[in-house]
Amino acid sequence: MKRGSQGEAGSPQTEEPEPLFSEEDRSLRDGNALDESDSEESQYSGLEDSGTDRSDDEEDHWSEEEENPGKSPKEIIKVPNRSSKSPADSAADEEDRPNEIKEYENDSSDEEDIRNTVGNIPMEWYKDLPHIGYDLDGRKIFKPLRSKDQLEEFLDKMENPDYWRTIHDKKTGQDIKLTDEQVDLVERLQKGQFGDINYDPYQPAIDFFTHETMIHPVTNRPADKRSFIPSLIEKEKVSKLVHAIKMGWIQPRKPREDTATYYDLWAKEDPNSILGRHKMHVPAPKLPLPGHEQSYNPPPEYLMSEEERLSWEQQDPEDRKLPFLPQRFNCLRAVPGYARFIHERFERCLDLYLCPRQRKMRVNVDPEDLIPKLPKPRDLQPFPTIQSLIYKGHKDLVRCISVSPSGQWLVSGSDDCSVRFWEVSTGRCMKSVVLEGAVKSISWNPNPGLVLVAACVDRSVVLINPGLGDRLLCSATDQHISGYQPPEEEVQQPVTWEEVEGAQYSNGLRLCIKHQKEVKQVTFHARGDYFAVVLPDNGNSQVLIHQLSRRRSQNPFRKNKGQVQKVLFHPTRPFFFVATQRYVRVYNLLKQELTKKLLTNCKWVSSIAVHPAGDNLICGSYDSKLAWFDMDLSTKPYKVLRHHKKALRAVSFHKSYPLFASGSDDGSVIVCHGMVYNDLLQNPLIVPVKVLRGHAIHRDLGVLDVTFHPTQPWVFSSGADATIRLFT
């Protein structure tokens, strides 16, 4: 049935749609199709005969009679057979029907394009042929002529406003101009939208299957007959399988034998195995790329002069920087053959199979992981941050300072031949003692029961009672010194002990220990009865230890290895530290033996300080390094700090806080947090927390000495600018 008849039968009450063809066109089209199918002249129509042609024609006639109930079949237009007419008759018929609608002017949107009768076949078949297929009569459908060259295509692209909406149809071979609706459809598809603009993808969903049990089913379709009748096809398949099993054509699968498999752990290590050869294979290094000197026209600086050429010829082949002489040619055609080509290939072959190769493992490490995660300085307070007081009074370099055990008094020695005593809290100079020479080192006795200060002046060590503080302590100190009873038998000593009398005694001087050479340093033992001095000499008596109560002196070493710079007593154990230019030796005074030898990795040691616990030591040097030693860990530095820009003059530990400081010739004092844990498995924590500046640089000298307050987190520093500064 035709679509029109179906529409009339399905909806008789709706308005009849306007037909695409008139009745005459319909009969004309049917007649043409009928005549063409019955034509005897067409040798090949491209369609197979089917038994439905006649029935279709009869249905068409019945539909025409239904559409034209008032007309008889004789009134229906009959189109004569075109194949039986001559070309002249067909032309005359076309002139007689000027108003007749032509067949190619209208086409259905639902059917295939009637202008192309070749069918939906790949157009690549006729890619190299002049035609695109055959029509219903078997005649070739030639491609339309496309004589446009590139210039015409470009002009058409520039001048034709509809060029952008014109496409080429491969099936018909014609250019088609897209309508606005088609362009809108293409744009919507490119954007990923639906082609139909009226389509709503978000329509409300209707849930057919819910939790509520309905009375009527959703679908009441009856079951198929094949659903309850045994399948004959399956019966035949089963019978074939049974027959094959009986004949022995189908055998059951044999179970696999489970054999024990063992994994070879050393397969990759064996160089004879495939895995081992693959693992041990190292590709050969590539040849270096040629440089400018190997060019046929190198720059002038790569060409050798006559003197350089003679020198190159006189050298041995292994000493030459280049194995050839760079030359210049006008063009590449003038370059002769390379004479060393075979020799270089031979050397390359020797390198490939004679030189061993080594694989270097490249470790990808994040640079952030190499930086230690240190706590923030504000979490490590208290520590000195600002300059609070300036002690002025000296007229020359203040080389040394020391604090009393109570922390109330400060003593300083200067090159102006004076020793001054200061009150820490007010900055007032309480007393000044003028000596015979410049004061190189000074130390306050750590025993809180004595008020005694030792100062190094030229070749003497002077013991001074400043008379400050408690008068009972001052008188007890004088009684301790004057209560000495000389031995019955005099013992030969390397020094001379002399008591001071007269004006010097009233000025505070009590004892004077005269040495044979200039004294550089003095330091007290933790109990205050022993003190050691350093004589800067290459002899055997560089270090002397004095006992105050018995007024005895002794040389603990028969021979000194190197020039001694500093000495220190261990705070709790009978150990004695001796620092030479490059090493720090630790001696046991009871056993009289060398315990350890610390390697400082410095060029010249300037100062040392021992942690109050006694297991760690810091060492400053003139090459701007500060080395921290963990003596329980190693004889090498645990950490080396290079924070200062110039030589370090002094280092010091705090007695109760985890702080240490260093003074340098750059005029700065750097305070660091140095926490030592009781757990031996945990390394010390070292964090620089503050850089203190204030001293002026004078004669290329900055900070000369540094010491901490015994109870407060304060630090004192003396400098070449003749001042002492307190940082709190």
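Placement of Cβ uses the backbone N, Cα and C atoms for every residue, glycine included.
The compositional bias 'Acidic residues' annotation in Swiss-Prot covers 55-67.
If you look up Swiss-Prot, you'll see 68-77 marked as compositional bias 'Basic and acidic residues'.
The region 'Disordered' annotation in Swiss-Prot covers 1-114.
The feature repeat 'WD 1' is assigned by Swiss-Prot to 393-432. The repeat 'WD 1' (393-432): residue composition by secondary structure is 0 helix, 22 strand, 18 coil, according to DSSP.
Sequence annotations record features per position, and here Swiss-Prot assigns repeat 'WD 2' to 434-474. Counting only same-chain residues 6+ beyond the ends of the repeat 'WD 2' (434-474), those with a CB under 8 A from a CB of the stretch are 396, 399-406, 408-409, 411-419, 421, 480-481, 508-529, 531, 533, 546, 548.
If one looks beyond the repeat 'WD 3' (514-556) by at least 6 residues along the same chain, the residues whose Cβ comes under 8 Å of a Cβ in the stretch are 440-447, 449-450, 452, 454-461, 463, 480-481, 484, 486, 491, 493-498, 563-569, 571-572, 576, 578, 587, 589, 592. The annotation repeat 'WD 3' is assigned in Swiss-Prot to 514-556.
Sequence annotations record features per position, and here Swiss-Prot assigns repeat 'WD 4' to 559-597. Residues of the repeat 'WD 4' (559-597) grouped by DSSP class, helix first, strand second and coil last, total 0 helix, 20 strand, 19 coil.
Look at Swiss-Prot and you will find 600-639 tagged as repeat 'WD 5'. Using a Cβ-Cβ cut-off under 8 Å and counting only residues 6 or more beyond its ends in the same chain, the repeat 'WD 5' (600-639) has close neighbours at 565-566, 568, 570-573, 575, 577, 579-584, 586, 645-656, 660, 662, 664, 674, 676, 680, 683-684, 686.
Within the same chain, residues 377, 380, 382-384, 606-613, 615-616, 618-626, 628, 632, 688-697, 700-708, 710-711, 713, 715, 717, 719, 727 sit at least 6 positions outside the repeat 'WD 6' (643-682) and bring their C-beta atoms closer than 8 Å to a C-beta of that stretch. Residues or ranges marked as repeat 'WD 6' in Swiss-Prot: 643-682.
Annotation comment: Swiss-Prot describes 698-728 as repeat 'WD 7'. Taking Cβ pairs closer than 8 Å, the repeat 'WD 7' (698-728) reaches residues 382-392, 394-407, 410, 412, 414, 416, 422, 424, 427, 646, 649-657, 659, 661-669, 671, 692 in its own chain, all 6 or more past its ends.
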For the repeat 'WD 3' (514-556), jot down how many residues DSSP puts in helix, in strand and in coil.
0 helix, 18 strand, 25 coil
If I take every residue in the repeat 'WD 1' (393-432) and average their pLDDT values, what number comes out?
93
Run through the repeat 'WD 5' (600-639) and tell me, per DSSP, how many residues are helix, strand and coil.
0 helix, 18 strand, 22 coil
